[in-house]
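First the structure, then my questions, so here it is.
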Amino acid sequence: MREPQMCNIVCRKILDKKAAKAFKEKINDEYRVNMILDNLPLVVPIRRPDQENAVVYQYGYHVGLRGQYAGSKEEKHFIHNHLTFTVKYHKDPLSGSARIVGFEVKPFSVKHEYEGEWNEKIRLTTCDPHAKRAVTSSESPQEVEEKKEIIFTYDVEFQESDIKWASRWDTYLLMADDQIHWFSIVNSLMIVLFLSGMVAMIMLRTLYRDISKYNQLETQEEAQEETGWKLLHGDVFRPPANSDLLCVYVGTGVQFFGMILVMMIFALLGFLSPSNRGGLMTAMLLLWVFMGLFAGYSSARLYKLFKGTEWKKITLKTAFMFPATVFAIFFVLNALIWGQKSSGAVPFGTMFALVLLWFGISVPLVFVGSYFGFKKPATEDPVKTNKIPRQIPEQAWYMNPAFSILIGGILPFGAVFIELFFILTSIWLHQFYYIFGFLFIVFVILIITCAEITVVLCYFQLCNEDYLWWWRSYLTSGSSAFYLFLYAAFYFFTKLEITKAVSGVLYFGYMLIISYSFFVLTGTIGFYACFWFTRLIYSSVKID
């Protein structure tokens, strides 16, 4: 610490054919080398041409670069074999001790030279601390070719800095485009306010008028010619087809919602800073496991409402269906990474630990939740269900389930779509995502949009005397996940330069998991909004 080094020789390599080829591939694909010092990632400061004194940090330095010699057309590969590290430290005036607050590097490509035979103690003529010859440019760069020798060297210089240790992450987390975020949020809020206004107008006018009209009808003995949603009072709470599956999905959605909500609150309070590596992922997994309690409870409540009796069966499905699907996809993707001998693969021990968490904590908690959910008396329907289901009249083309479901997904997706761009960029292009304040606002906007659009479409559906709303309400807002996946594909082809097949499969595999999770989350929000809405309107109407 605080002892500058100059021209330290790390090692000398003679490239064989395989190594030279590997280096060239890495240089072509613009691979970067990442290092960590005292938990700070290594950055290369790059000056922005458009602004004076503005610096952008790039994580890690490139393995090498491509270029031509003056007067030659042939493109060569050069490797960065000399690193000049700058370690910034903050000195405590009281104790005199210093703490590291910055870690930067300038990479150079230098063809090192020396006199005589190579040995460990040799002095380089191109970089010599005694002769005060330092490397300051890449004028005679080191080529990557078979049988070439490469000598790796580094310098370390220490700089005192005013940055305090507590705020050393601030420079890393400076967002270049925070205006875009504000703009997108204001934009989304405008859409949401406009939507809410419309929804409130439609709902209040229509419902208020409808309910008062219906309640007057009773007095005028005209109840025989009922129209609209009130006709359905004997069918609207009839259990849907595949009601078990709906219970499972709703339970899973509640589990997801709980996990995301608690995680956002923790992140907002600053518990999940990016300086804590993998903290976000760990928190998500643990929260998911413990939210199993709510999953079991809500799926059992709904199951009991549908007059189900085999609560253990539904509990098992809730505990296994979604996690098993995700785990299967994840396992296949991980096997692919293993096959590539990448260090990014999740080791077997960690996989085993995940399975233990799932079977040891999550499954028992789902059972506990289910037990309590099933013990409580069933929720009473506000109206009685008839024995014989009524016929659903022919529907207009725009009330066709597929069409209205796809229309319903556009708005929730539209509300979160700009923030989604930043999230994808931070996942796939290695930037830190830390603006959880923005994310929380967007999450709230998402909840409101999902609920509103589902309620509006559900109301139109009931007015057209179609009482099959259970699944439709779930799929209406859930279909935004379909647009999310389409956007992920669009992002892949426009923003990412991925050529290798395995990388492409990984991208789409992970985006499939994310879209599936998004489907479960948004679908459940829509379902509960619609559930609340139907109970509300049917309980406010007088029925003989």
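Heads up, the Cβ atoms here are built off N, Cα and C, so glycines get one too.
Automated prediction, rather than curation, is the source of TrEMBL annotations.
Taken from TrEMBL, the feature transmembrane segment covers 182-204, 246-272, 278-297, 318-339, 351-374, 405-429, 435-462, 474-493, 505-533.
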If contact means at least 3 Cβ pairs within less than 8 Å, sequence distance 6 or more, would you call the transmembrane segment (474-493) and the transmembrane segment (278-297) in contact?
no
Hey, does the transmembrane segment (505-533) touch the transmembrane segment (246-272), meaning at least 3 C-beta pairs closer than 8 angstroms, sequence gap 6 or more?
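Answer yes: the transmembrane segment (246-272) meets the transmembrane segment (505-533) with 3 or more Cβ pairs below 8 Å.
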Do any residues, 6 or more residues outside the transmembrane segment (505-533), come within under 8 Å Cβ-to-Cβ of it, and if so which ones?
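Contacts with the transmembrane segment (505-533): 246, 249-250, 252-254, 256-257, 260, 322, 325-326, 329-330, 332-333, 336-337, 408, 412, 428, 446-447, 450-455, 458-459, 469-470, 473-482, 484-485, 488-489, 492, 496, 498.
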Under 8 angstroms, Cβ to Cβ: which one of 182-204, 351-374, 405-429, 435-462 has the largest number of such pairs with the transmembrane segment (278-297)?
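The listed stretch sharing the most Cβ pairs with the transmembrane segment (278-297) is 351-374.
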Take the transmembrane segment (351-374) and find every residue of the same chain, 6 or more past its ends, with a Cβ under 8 Å from one of its Cβ atoms.
251, 285-286, 288-290, 292-301, 303-304, 311-312, 314-315, 318-320, 323, 327, 331, 334
State the residues, same chain only, that lie 6 or more residues beyond the ends of the transmembrane segment (435-462) and have a CB under 8 A from a CB inside it; answer 'none' if no residue qualifies.
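For the transmembrane segment (435-462), the sequence-distant neighbours (Cβ-Cβ under 8 Å, at least 6 residues beyond its ends) are 175, 178, 181, 185, 188-189, 191-192, 195-196, 199, 202-203, 206, 228-229, 232, 236, 260-261, 264, 267-268, 272, 399, 404, 407-408, 411-412, 415-416, 419, 422-423, 469, 472-473, 476-477, 480, 522, 525-530, 533-534.
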